[in-house]
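A.B. asks: After the structure tokens below, expect a handful of questions from me.
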Amino acid sequence: MSTGLRERAAAELTRTRQRSVGLTDAVDDDDLVRQHSRLMSPLVWDLAHVGNQEELWLVRDVGGREPVRADIDQLYDAFKHPRGERPQLPLLGPAEARAYVRTVREKVLDLLDTVELEGRPLVEQGFAFGMIIQHEQQHDETMLATHQLRTGDPVLVAVPPPPSQAIVAGEALIPGGPFEMGTSLEAWALDNERPAHQVDVPPFFLDRAPVTNAMYQAFIDAGGYDDPRWWSPRGWAHRREAGLTGPGHWHGDGTYTRFGRREPIVGDEPVVHVSWHEASAYAAWAGRRLPTEAEWEKAARFDPATGRSRRYPWGDEDPAPEHANLGQRHLSPAPVGAYPAGASPAGVHQLIGDVWEWTSSPLYGYPGFRAFPYREYSEVFFGDDYRVLRGGSFGTDAAAVRGTFRNWDYPIRRQIFSGFRCARDPRPGELAA
Ligand SMILES: [Fe+2]
């Protein structure tokens, strides 16, 4: 690993830790150990879990060093303890957890200077470090979602998102034909993004922007939550059981609560905290459908001028603040039209950042998939239980999302920063004209 790569890994580890510290220092010890929702872990669990994964992979495996705390491994194994039971575990307290993650990090920064990083796929191009940085950032987003579920006075602050700078409406035609999906080259891409492979995607239309609060309000006003026609049988059963009447955190009076602040709903911001079932019902009501995962990725990466797939809608450069609403820079999605510099060649906006976008696709491995570095990273989730989300949210760090990145969750979930956009097939004769 070159000096540049070591420096980059160290800088990203440090930047990421600042975010974790900010999210956990924002609340008092009672709030850190409390479970704010059955769906979430106590924040203090996330913090020590991040440190434990870093210890397992970087201190012990890559570094070959002695364990720091082998006695706590099973407490922080996400597969041994579902989120609901984590508060009952004899977890490290706030001070202990903070000391633990600091100790692990000191060892990692120490070994990063000198560790032999050749001859093993786990360390090539700094993969293990990239994996751990992304893992911590993913838990930071989870902790941000926990903050949204927490009750009490607001504790997080951020500047508002930029205003709309362009009128973005209607849909874009994505031309038919093969494109390269996934990646074999992106150094820190995870196993489920690999390998690159050709997928033939017929022509389709995709919304140029995510569905907004105002558009979603029209679905509610039209009685969309009372009409089983728009819902799948499972979606309708869930809507009734859960008593859903609108997106999560909406109060039904034109306001929603965001991170402890009750505010008027902003009409031209992408709707967030909707489940896959709700997104699908909206799409059916609108005479449209959710895009498949392949369609979403083609819209985000395919460059018709060159025929190649790019890393991001705007090109191959890493995300900058003018491209996308990422990294908890703001505490909400940005209005449609706020990121003209981030648009794709076909004129599709805000594919990266703002809200995770539900697709119609279940999660499966790509042709040639190989679990790496362990089956529990993604292979154990393959199957029809989950639906894929793409593009990241305002709470996703740039290190943890790219054009190929795949997220997944149950179709009933909406505590995540989830929204969507719609697609449709061309009408007969529409493309011949
Ligand atoms: Fe984890």
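Cβ coordinates come from backbone N, Cα and C, glycine included.
Curation does not apply to TrEMBL; its annotations are automatic.
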A.B. asks: For the Fe cation site, TrEMBL lists HIS135, HIS139; sort out which one of HIS36, HIS49, HIS197, HIS238 goes with them.
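C.D. replies: Same Fe cation site in TrEMBL: HIS49.
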A.B. asks: For the domain 'DinB-like' (12-143), DSSP counts of helix, strand and coil?
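C.D. replies: Split by secondary structure, the domain 'DinB-like' (12-143) comes out as 93 helix, 0 strand, 39 coil.
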A.B. asks: If you count other Cβ atoms within 10 Å of each one's Cβ, which of the binding-site residues GLU85, ASP409 has the most?
C.D. replies: ASP409
A.B. asks: Excluding near sequence neighbours, so keeping only residues 6 or more apart in the same chain, what lies with its CB under 8 A of ARG413 (gamma-L-glutamyl-L-cysteine binding site)?
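C.D. replies: The answer is LEU39, SER275, TRP276.
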A.B. asks: Return one of helix, strand or coil for ARG413 (gamma-L-glutamyl-L-cysteine binding site), based on DSSP.
C.D. replies: coil
A.B. asks: Counting across all protein chains shown, how many other Cβ atoms sit within 10 Å of the Cβ of ARG83 (gamma-L-glutamyl-L-cysteine binding site)?
C.D. replies: 17
A.B. asks: Show, in sequence order, which residues other than HIS49, HIS135, HIS139 on the same chain lie with their Cβ within 8 Å of the centre of the Cβ atoms of the Fe cation site.
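C.D. replies: Apart from the listed residues, the neighbours are ASP46, VAL50, GLN53, GLU136, GLN138, THR142.
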